[in-house]
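A.B. asks: One structure, as structure tokens, below. Some questions next.
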């Protein structure tokens, strides 16, 4: 560290510092060697200089002697006078120097000048005198800059991409040959070439502020260097390797604020005019730590404080009393090189002659103010073109070839024609021969060409004129090829569409240009969309191959072709299938049981089967697909239980119905060549659920169509529901195998009779029986009533339905096996209850008229109601709904209104009873027996009636007639029962010849309802025997079972439904085949409760139960009187 002790007053030091800086400014203005001038200027030289003697100073005269151009003499004299006047003003006590002088009285006369090792000449910031000097010396240049700004702006807009900037406006002049440390600005995508304007957009706030001050100081020179990474967006250079080392010295001719349309941030648009090639010598990147420590360094930044106080004298009164130290001022004002030289002068007077040869270690930098903005700065070296022979045949030939190419391009491209004309005009104004400016011609060729970044930068870096011309000719040839190709495309399109309309011509031309140039027409975006979809999918190898093939086809087809749309739709479906995606299985049995119990009452078999399914999956660690079929009457919850199962298993749910389906394409899809072709329902389910293991509910599978011109859908379901085949299900549209082995299929049906046998074999059937009265009461109380109250808006109101009302509703109105009809009636009851509640509330709230009421109050209330009505009508529909909801909430909190629906007032809500009695017959006559039948609606009672068509008579052939819309099976059963009854009666009571003399008519009530089934044999036989024995059957006995000709009782189905129907009909004894005894034991206790079972193996077991009090004598003598009359008549005849 250099330390120098001097003894001088503060005014002398300030004068010395000011003089040194003044001469530096003159050296910069004169564009001479700053190093040499600074080496001749020392503290001793200017220590005794006075303002009036500045020009007569020996150092100044020596400097004048070095200047060769006399035009600077008058200019320097004016600058010297300005400095003198300013220096005189500083001695009046109004400037910072006077304050410093007064402050120095408090300090010692001996001052230590201790510059810090880190401080250099470059840290000196120009003072106000520098600004005066710069403004005076560049006055003429600023005029040229302002005049060229408009011209440059017009030229840059003509071809902003190439940046040629050709303009008729004269370029800025008076550029310093040697420029100090300057701002470095990175340029993206294209380098700048000397002599051609270029507009750049700056977004960095620091750079924008620096450029503004540069323009204010009239030092608008920067170094522009192209970024190596064209995608990088920055306005500062942090690393020398980020840019190319060769750039241009550019002058900012104009700058104006702008705004980024995308981000909305404030930016600056600057118009640059490059002057010459330069090369980075040293880079000073922005110091980020300096920004953070700027506040801390504020107290030590003495130079900044001095300059601000000098420019604003009024602010000195409010300045903090902490005045910067004298050492700091001296350090900032006296560079290291001068202090070193001053030390050497004080040491010896003999070495003063050697000062001319001293090279200063640091550049004198009048642009020191740029460091305040923390931007990237550079020291540069000027690059001069290598000398060349103007008469060189190679250079002349290259020049001629470039001119030839320009001529050819101008004939093909009008934009080039205008640029070439402008360039020719500028050349002619400077010289009459273009061959004298080959370097400028090469730069122009590169500036207007759309070449690659590396190629253009290579041209800029070439200092050999011959090489530069060769490279420029190469990029210009490429430009010619592009122009020729564009012209060829234009001609080809014109040939194709000569006879077509103008609109079609333009469209075809656009297509041709896009096809030749490879411009995206939407297909690339579509292809990218499909490729992006499959990134998250796990496509099988076979599917991946098909996808790649279809993508290749799509990329080669025109968008207007019909096949393009077919392939696009196909790829859309192919990429919409969730290949490899599975929802996470839920193996918690308590959670699944809780969900199933919340949604449905009873259904123990279904719930146990689902819990078994979960248990097996938990043990195996995986769950394979199953096919379950729920069979039961309507309204028992087959479809809703499917949703609950999906929720319990944490699977997606999809439902579609096949009832009435006659087209196999609904299952397997259409061929994609057909217009409007779509995949089948199964593929659509996978797309919607976006998992390969959803729960798919196939509803009404028993009502699917069978055969036809469009195929058999039930046969198509075989592949879907077969566990051995559905792992490679083939959809006609996609035509690729799809794995359905993880899908859980749930089918619903009302009957198994109409389901094809092969399809039924592939399903696991679970029968859902109807509900008994006790079950219905629980369902109504726990599910139906709360739901109906909520839908009617009476959820929290005192409107209740008693249990006896629910029981009466089921007994007299809703006798079906399910609860759908019961739900409808309950909802109807609560809607009517809501109406009553609203009416009661209106009556309670309406004002009662009295003699004491005043007319004014009535009028005001009416006006108020009218105003409320008007304001309510102006509100939106949503507001009205909210208001209604608020009124209902107020109704719910009303304790005065209490509505109870009981058995007594039930008919006020649902009308008179539909069923007046529990049974059709309270007392059955002979020949009438209650049978039990199973239908799609569940179990029901089926009465069989047998009567004599006429009194017993002598006939050779007794007659038997049956009615009631019986099916073929029941007709066969009735004929069999008639024969069995004749045989059984003859064996049991041989003297009873009833069937020999009787004409019997058998009928099943409700003749409009078709009846069929093999379970009414015992009922018909009992009806015949009851008529033959003239014995009534107990009306509380119900029976079911098929009968053989010998009296064997055969097994039947639907025992649970029939038992429920018997109990619902008031039966107390139920007779069924002995083979169904196990089914009876599996019935719930609430179903068996109140029923006495009789499991009959032979019909004799039934006869003994029903006719146990009929002995042989009584049975033989039932029709004894009629037989005697008929015998006597026969003997008489």
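Numbering starts at 1 and runs along the chain as it is shown here.
Every residue, even glycine, has its Cβ placed from backbone N, Cα and C.
Heads up, here are the entries from Swiss-Prot:
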| type | residues | note |
| --- | --- | --- |
| TRANSIT | 1-37 | transit peptide |
| COMPBIAS | 98-117 | compositional bias 'Basic and acidic residues' |
| REGION | 98-176 | region 'Disordered' |
| COMPBIAS | 125-143 | compositional bias 'Basic and acidic residues' |
| COMPBIAS | 145-166 | compositional bias 'Low complexity' |
| COMPBIAS | 282-301 | compositional bias 'Basic and acidic residues' |
| REGION | 282-358 | region 'Disordered' |
| COMPBIAS | 325-340 | compositional bias 'Basic and acidic residues' |
| COMPBIAS | 348-358 | compositional bias 'Acidic residues' |
| BINDING | 632, 633, 634, 635, 636, 637, 638, 639 | ATP binding site |
| REGION | 844-889 | region 'Disordered' |
| COMPBIAS | 853-889 | compositional bias 'Basic and acidic residues' |
| DOMAIN | 923-1109 | domain 'Lon proteolytic' |
| ACT_SITE | 1015 | active site |
| ACT_SITE | 1058 | active site |
A.B. asks: Looking at the domain 'Lon proteolytic' (923-1109) alone, can you tell me the average pLDDT?
C.D. replies: 88
A.B. asks: State the count of C-beta atoms found within 10 angstroms of the C-beta of residue 633 (ATP binding site), not counting that atom itself.
C.D. replies: 24
A.B. asks: Using a 10 Å radius around each Cβ and all protein chains in view, which of these recorded positions has the most neighbours: 638, 1058?
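C.D. replies: Output for this query is 1058.
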A.B. asks: Using Cα coordinates, what distance in whole Å links residue 639 (ATP binding site) and residue 1058 (active site)?
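C.D. replies: A Cα-Cα distance of 23 Å.
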A.B. asks: Within 8 Å of the Cβ centre of 632, 633, 634, 635, 636, 637, 638, 639, which other residues of the chain have their Cβ, at the recorded ATP site?
C.D. replies: 630, 748, 750, 768, 818, 820
A.B. asks: Do any residues at least six apart in sequence from residue 632 (ATP binding site), in the same chain, have a Cβ closer than 8 Å to its Cβ, and if so which, in order?
C.D. replies: 638, 750, 767, 768, 769, 770, 817, 938
A.B. asks: Which one of these binding-site residues has the most other Cβ atoms within 10 Å of its own Cβ: 634, 635, 637?
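C.D. replies: Per the Cβ count within 10 Å, the most buried is 637.
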A.B. asks: How many Å separate the Cα atoms of residue 636 (ATP binding site) and residue 1058 (active site)?
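C.D. replies: Between the Cα atoms of residue 636 (ATP binding site) and residue 1058 (active site), the distance comes to 16 Å.
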A.B. asks: Determine, from DSSP, whether residue 639 (ATP binding site) sits in helix, strand or coil.
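C.D. replies: Helix, per DSSP.
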A.B. asks: According to DSSP, which of helix, strand or coil covers residue 1058 (active site)?
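C.D. replies: It is helical.
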A.B. asks: Can you tell me how many other Cβ atoms are located within 10 Å of the Cβ belonging to residue 1015 (active site)?
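C.D. replies: Taking every protein chain into account, the count is 28.
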A.B. asks: Closest of the recorded positions to residue 1015 (active site), Cα to Cα, picking from 633, 634, 635, 637, 1058?
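C.D. replies: Looking at Cα distances from residue 1015 (active site), the smallest one goes to 1058.
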A.B. asks: Across all protein chains in the structure, which of the binding-site residues 636, 639 has the highest Cβ count within 10 Å?
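C.D. replies: The residue with the densest Cβ neighbourhood is 636.
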